[in-house]
Every structure is written in structure tokens, then in C-alpha cells.
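According to Swiss-Prot, the feature N-acetylalanine maps to 2. Per Swiss-Prot, S-adenosyl-L-homocysteine binding site is recorded for 61, 66, 82, 107, 108, 126, 263, 264, 290, 312, 338, 339, 355, 357. For 159, 164, 165, 169, 176, 254, 386, 400, 404, 406, 472, the entry in Swiss-Prot reads phosphocholine binding site, with the evidence type similarity to another entry. According to Swiss-Prot, the feature N-methylethanolamine phosphate binding site maps to 245, 246, 254, 386, 400, 404, 405, 406, 472, an assignment based on similarity to another entry.
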């Protein structure tokens, strides 16, 4: 009797034998517009890979070699592996003149595939894990973390949620998963070397492929970059965000208070008011720093025909944003990224927008100088953020700031930091009165819907929200906590 493992492999092999009869880029991408897409998508994917000059690269699911030759141009050596013999033969006929490529016909899941542990600098795959069962993905993650050197990288790109290509298929055994499945499997993966040192995978990045957002309004093409690190390496802040402040249940709880799609003060109402101040024009490019679950980004893209790039350090936030994007057909791309280390070319954006996020950033002057570089001449920045009074904080307020890891400034000092970064026409408004009105309205709504809230979440969640909002109202009433609106131009 066939095992589930053998059945899965046979189904996938037969599917790819059928789609490899015509060894073209259209067949590999399963899309009639593949040639045009490939021109944008391939350079984008290659640009996202960590540096691999002179390094050893293992390409899993190499197919006809769409990426193999490009990888060989910079790598020290490339092992190009695929389980369809005709595909790897085509790859070799196209790229065989590169003497640093070893071509292998093998199934990545096969126990017969022997790759030495700790021998690879970069593992690269493009559309591979979606053709493996859940259990095979887990086993594959364990093999990959073993094969890669400490400090080395794993890059993979998958179709999530639903298919992207328009090719007709008699059957489709592809596993279109939620992105959080891959994130969880690779985050939980650990290994020990022969000396007993423990290693895990640290997420370096996770984002949608922009070419698919631009050409198909489709956010389901997602790539991940992981680095093999010692277990003791510090990932505390991202872990704090995802396991404490912004764990999945907490995000849904915040959303109930702020309104569908929103996790910052005033939800849709304040978003509509502040976005109106940015004078958005069709075709402009907006960067949303701390985009949360994407409500403001969808609003901007749908109502002003702009292209929005939303970044957030919280994996959970971006996972929700990607799920909410399904079916909206809007020009928004999302990425798990740290705004203090992320790089964009100078003059990339028309507008930079950030809502109640920069309070987490300790070196605001450096961030604002970076924003200034990223903005095009004539560009604009709009920020709302938690602030404080210019007086010395009380011990209680100082403890709150310390416990949250916030960096708070008074409204005028905050505006001055924008001026010092090079911005002109800086508006720095104390919007604390508006903040108080919004807090009261949000608190009233939660208290009114107490039974429903407790039923959907828990009594502890209800008490946390009511306690948290009441404490914010006390801190604003004492004059210690403020809320600022900042708008500035790059001339």
C-alpha cells in the first residue's frame, strides 16, 4: 500500500511532468504573461537575496534555470537541483557553460539526498515548499538549517492563499498556505552541531514580490529570508512585539477597539482626516512606517490610486495585513522590516506616513534624516505619535515609559528634530484634546459591548483594555501624556 509520503511525491511529480512537457518560462511560471513578468520579477527576487559573491549556493527546485545562471555569475559554486530530469537537462544545456554549477536530478525530500551539514552559505528556492506536504515542509526546514553554515542564509519564495498564474490546469495539487504557516515552521526550527552548539533561524525579512503587486494587484507572492544564528543571539524586541504587545489575540483585540483594519488611535476616522492633509495624487508612492494590519494602506490605495509600501517589525501584524489584502486588488505591498535598518534608494517616495509607531524608536534624529533622504524633492512626511509634556516625568510616568521601551518627547522638541533633519514648513500640533475625545469614545464603545467583547475574547482582555484606556486618560488629564501631529515638507 502506498504511504501518504509516496502518494504526495507521485502526485507532485506527475503534475510537474505534465507542466514540464514544454520547457519554457511560461510553463515554469504557469502564466501566459510570464515573459513580461519575468523581466520585472526576476531582478527583484535577485535583489532581495543576501550577498553571495564567491559563496556556495544550493538552489532547490532549480527547474529550467531561470535563476541558476544569474546565481552562477556571482557565486563561488552553485548546486542546481530539481526532481524533473528534463528540466535539469534543459538547465544544463542553457547554463552548462558556467563551470561552477553542479547539476543534480534529485527530490529534495529524499533521504538519499546527501548534502554535508554546515557546507552551504545560501540556500535559494523559488516556488518549492508549496509542492510539499505540511510534514515535508517541517522536515525540509530541519534539513535546510542543518545544511547551511552558521551565519548563512535561507531564501524561499512561495505562492500563498491562492494561485497567481492564469494557466489552465486539469488538477492542482499545490498547497496555497497562509504565510504564517511558513513563518511558524521556520521560527520554531532549531538544530545542534557536533559540538553541542544550538542554532535557530532569525527572520531577516519577509515581503510580497512587488512585481506581482504592481502588475496583478496580488499580494500572495511572498518571500522570506532567514539567517542561521546561535540561539543566544538577541531577538528580544521583535519577540516582545509578537509575544507580548502585538501577539495575534492582542492585535484582534486592538482592532475591535480601533475598528476593522486599524490598530492605532481613532482608526478610520483619524486616518481619513490625516490622509486628506497629504494631498495624494494618482501614481504617487507612499511608505507607511509601522503599517499595522494595513487598513490605512488599503484606504489610501483604493481612494487615491497610490502605490503603498507598508512596513512593520511585527510578523503578526504583517501576517494579518497580507490576509486582509486577499481579493482587494489594490496596489499595496507589505514587508516585515525594521525602519532603522531598512534601506531604500534616495528619492524613492512621495509621502512617508507613520501613525503612533515612532515612539518605539530611540534614535529619532537618525530616522528623520533617513526619511528625508528617502523622500523625493517636494515630498511630505505625516506622523502622529505619543509625546509628553516638557516637564520632568513623574516616577509613575517614567516607569510606564521604561516598561514600554518608549522614547517620548514634547511636541515642540519633536518638531525641532524634523527641522534639524532638513525638513521645511514643519507643523507640530498638540492634538491631545482630540486624543482624549477619541479615547473616551473608544472606551465607551467597549464598555457598551462588554458582554460581546468578553464572549469573543475574555474577561481578562476586557479588563486589560478598559484599564489601559483609563490609564491613558489619567496620564493625559495629569498633563503628562500628549499626542502630536507632525507634517513637514522636503523642498
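Backbone N, Cα and C define each Cβ position, glycine as well.
Maximum intra-site Cα distance, S-adenosyl-L-homocysteine binding residues 61, 66, 82, 107, 108, 126, 263, 264, 290, 312, 338, 339, 355, 357: 47 Å.
Just so you know, the Cβ of residue 254 (N-methylethanolamine phosphate binding site) picks up 19 other Cβ atoms within 10 Å once every protein chain is counted. Within 10 Å of the C-beta atom of residue 472 (phosphocholine binding site) sit 20 other C-beta atoms, taking all shown protein chains into account. For residue 61 (S-adenosyl-L-homocysteine binding site), the same-chain residues that are 6 or more apart in sequence and have a Cβ closer than 8 Å to its Cβ are 81, 82, 108, 125, 126, 127, 128, 131. Figure note: comparing Cβ neighbours within 10 Å for the binding-site residues 108, 263, the maximum is reached by 263. Taking only the Cα positions, the spacing between residue 400 (N-methylethanolamine phosphate binding site) and residue 355 (S-adenosyl-L-homocysteine binding site) is 20 angstrom. If you take the C-beta of residue 338 (S-adenosyl-L-homocysteine binding site) and look for same-chain residues 6 or more apart in sequence within under 8 angstroms, you find 313. Rounded to a whole number, the C-alpha distance linking residue 254 (N-methylethanolamine phosphate binding site) with residue 263 (S-adenosyl-L-homocysteine binding site) is 6 angstrom. Using a 10 Å radius centred on the Cβ of residue 404 (phosphocholine binding site) and all shown protein chains, the other Cβ atoms total 14. In this structure, the binding-site residues under consideration are 386, 400, and the one with the smallest number of other Cβ atoms within 10 Å of its Cβ is 400. Nearest to residue 405 (N-methylethanolamine phosphate binding site) in space, judged by Cα atoms and limited to the binding-site residues 159, 263, 355, 386, is 386. Rounded to the nearest whole angstrom, the C-alpha distance between residue 159 (phosphocholine binding site) and residue 290 (S-adenosyl-L-homocysteine binding site) is 25. Under 8 Å, Cβ to Cβ, and six or more positions away along its own chain, residue 355 (S-adenosyl-L-homocysteine binding site) finds 264, 265, 270, 271, 274, 290, 292, 296, 383, 384. Cα of residue 176 (phosphocholine binding site) to Cα of residue 263 (S-adenosyl-L-homocysteine binding site): a span of 27 Å. Put plainly, the binding-site residues 290, 405 were compared by Cβ crowding within 10 Å, and the winner is 290. Residue 263 (S-adenosyl-L-homocysteine binding site) sits 14 Å from residue 386 (phosphocholine binding site), counting Cα to Cα.
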